[in-house]
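Colleague: Found this in Swiss-Prot, in case it helps:
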BINDING   Gly34, Ser35, Gly36, Lys37, Gly38, Thr39, Arg147, Lys190  ATP binding site
REGION    54-83  region 'NMP'
BINDING   Arg60, Lys81, Ile82, Val83, Gly108, Phe109, Pro110, Arg111, Arg151, Arg162  ribonucleoside 5'-phosphate binding site
BINDING   Asn115  CMP binding site
REGION    146-154  region 'LID'
Amino acid sequence: MGSVVDAPVVVEGVAENMLGDKKVTVVFVLGGPGSGKGTQCANIVEHFGFTHLSAGDLLRAEIKSGSENGTMIENMIKEGKIVPSEVTIKLLQDAMIKNENDKFLIDGFPRNEENRAAFENVTKISPAFVLFFDCSEEEMERRLLGRNQGRVDDNIETIRKRFKVFVESSLPVIEHYNAKNKVKKIDAAKPISEVFEDVKAIFAPYAKVE
């Protein structure tokens, strides 16, 4: 997995860029529910100094706030639908602006081609690369059902809806970036420590300077 990683993509501040003159490196982290994205993002944060922005966590925080926006998001998630791009992009933008870091892992977004195009058009940011955690549905289902303190939406029917949404919506995003040689594919069915060895090889150019 020690392939050469694309140079970080930095974006000059332009009028349309909602981040102002802030230059950032963004890595999209994609993979099905239960593929281990969250665990590995935590490792990347610790070892390589990135800030982890989970689209799902940001959406759940909005739900918890009790806002009208949060109620709409909650209903869509229960139905296994994808939240409108502008809602998630606004949450991600706000998080990047507020954070002093300039290296971000965006986990679980873009979820579809419309998300992807909207993110690039609104923020003027193109990812340095896409980290794709590839894992079978059988293994992901086993992991999700085996969680001691699973999320409230971790029941088998909802899990399978989430798999279906991922396959139909997210795989075209991965194919789009693969055509640009921007996808770094990880075998996520392996044990956590082995997966991280593969991740470390990809992120070596981003090692923190002590």
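Our numbering is plain: 1 for the first residue shown, then up by one each step along the chain.
In case you wondered, yes, glycine gets a Cβ from its N, Cα and C as well.
What's the neighbourhood like for these features in this structure?
Modeller: Listed in sequence order, the residues of the same chain lying 6 or more apart from Lys190 (ATP binding site) and placing their CB within less than 8 Å of its CB are Asp198. A coil conformation is recorded for Lys190 (ATP binding site) in the three-state DSSP classification, outside any helix or strand.
Across the region 'NMP' (54-83), DSSP assigns 21 helix, 1 strand, 8 coil.
Residue environment of Gly108 (ribonucleoside 5'-phosphate binding site) contains 23 other Cβ atoms, counted within 10 Å of its Cβ in all protein chains.
The Cβ of Asn115 (CMP binding site) lies under 8 Å from the Cβ of Ile82, Ser85, Thr88, Ile89, Phe109, Val173, each on the same chain and at least six residues away in sequence.
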Colleague: Out of the binding-site residues Arg60, Gly108, Pro110, give me the one sitting nearest to Gly38 (ATP binding site) by CA distance.
Modeller: Gly108
Colleague: Of the binding-site residues Arg60, Gly108, Pro110, which sits closest to Ser35 (ATP binding site) by Cα distance?
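Modeller: That would be Gly108, nearest by Cα distance.
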Colleague: Greatest CA-CA distance (Å) over the residues Gly34, Ser35, Gly36, Lys37, Gly38, Thr39, Arg147, Lys190 that the record ties to ATP?
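Modeller: Spelled out: the longest distance between any two Cα atoms in Gly34, Ser35, Gly36, Lys37, Gly38, Thr39, Arg147, Lys190 is 17 Å.
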Colleague: Using Cβ-Cβ distances, find the residues under 8 Å from Pro110 (ribonucleoside 5'-phosphate binding site) that belong to the same chain and are at least 6 apart in sequence, listing them in sequence order.
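Modeller: Phe28, Ser85, Arg116, Ala118, Phe119, Ser170, Val173 - these are the non-local Cβ neighbours of Pro110 (ribonucleoside 5'-phosphate binding site), listed in sequence order.
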